[in-house]
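Participant: Annotated active site per Swiss-Prot: 163, 328, in sequence order, evidence recorded as sequence analysis. What Swiss-Prot lists as active site, proton donor is 233, and the listing cites sequence analysis. Marked as domain 'FAD-binding PCMH-type' by Swiss-Prot: 15-187.
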């Protein structure tokens, strides 16, 4: 285990903004995590677990211990009907999806190129193109950070919702995801109802065809974090009431929306685009010109630049549509998690 003091976080989050933390530890075993929690030097400090740092913005120096998950390994067993995968939490998610497809295991291909680690996937209940992690997840293994004992949670225990789970609520900061279990059906059924996947000819449909198309679309629309700092989709797609949608669609007949939970889920990228915000910048932070849902670090921006840009976008969408955008990216201040509303209120 490596432990660094007053460490730079620039290489540990995909926004690539220069920021620091008091301590940074890179762990490759559960015992490493237990030893950190038992170390008197760290017990009173705020702690934050990171995978690839692909969904986080450090708004200032983090005055605590950042723990980077590098628990690696995966195994496959099978039943008559399913492939059963056990995946360590530090495994790279895009590499896992590509490996599954190459091995002939379908069902996961819609989730190609979502940045991050396997251990982060259930926290966010990652999803794309009509598939969410909850559709594939059979269990999540966690380390209880109070008892320092491991346990297995069923998918039902995880209380998955839209970009949501029990790990953001009742179990927030109370456990560390060590591994996940995935169940991929041997009898493959395509999920091709969304966007560009509908254009794949029926006789060409396969896990690999969907995987290739998803990768193609993502690479065309989404900037590579290795080249342009970003955290993927910055805002969640908001869910509004049917009445609100009916009022809006009378004025905006081309509004992009889908039925969801007795309401309508509106495409946040469409809302931002319709406000004329593609390409707009605040210093070195920019709304991506190709995909308005992504905020990028195009010129050594500061966290303050990203916060100001996010605030501008949120306000513009509210003024035009009376829809409140909620950021999907986690904001971290000196002591732990915060949000845009709290930052705005303090200014």
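Just so it is clear, glycine is given a Cβ too, placed from its N, Cα and C backbone atoms.
Relative to the rest of the structure, where do these features sit?
Facilitator: Long-range neighbours of residue 163 (active site) (same chain, six or more residues apart, CB within less than 8 Å of its CB): 124, 125, 126, 127, 236, 328.
DSSP assigns residue 233 (active site, proton donor) to a strand.
A coil conformation is recorded for residue 328 (active site) in the three-state DSSP classification, outside any helix or strand.
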Participant: Could you give the mean pLDDT over the domain 'FAD-binding PCMH-type' (15-187), rounded to a whole number?
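Facilitator: Mean model confidence (pLDDT) across the domain 'FAD-binding PCMH-type' (15-187) is 97.
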Participant: For residue 233 (active site, proton donor), write down the residues of its own chain that are at least 6 apart in sequence and whose Cβ falls under 8 Å from its Cβ; none is a fine answer.
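Facilitator: When sequence neighbours closer than 6 are ignored, residue 233 (active site, proton donor) has 268, 269, 293, 294, 328 within Cβ distance under 8 Å.
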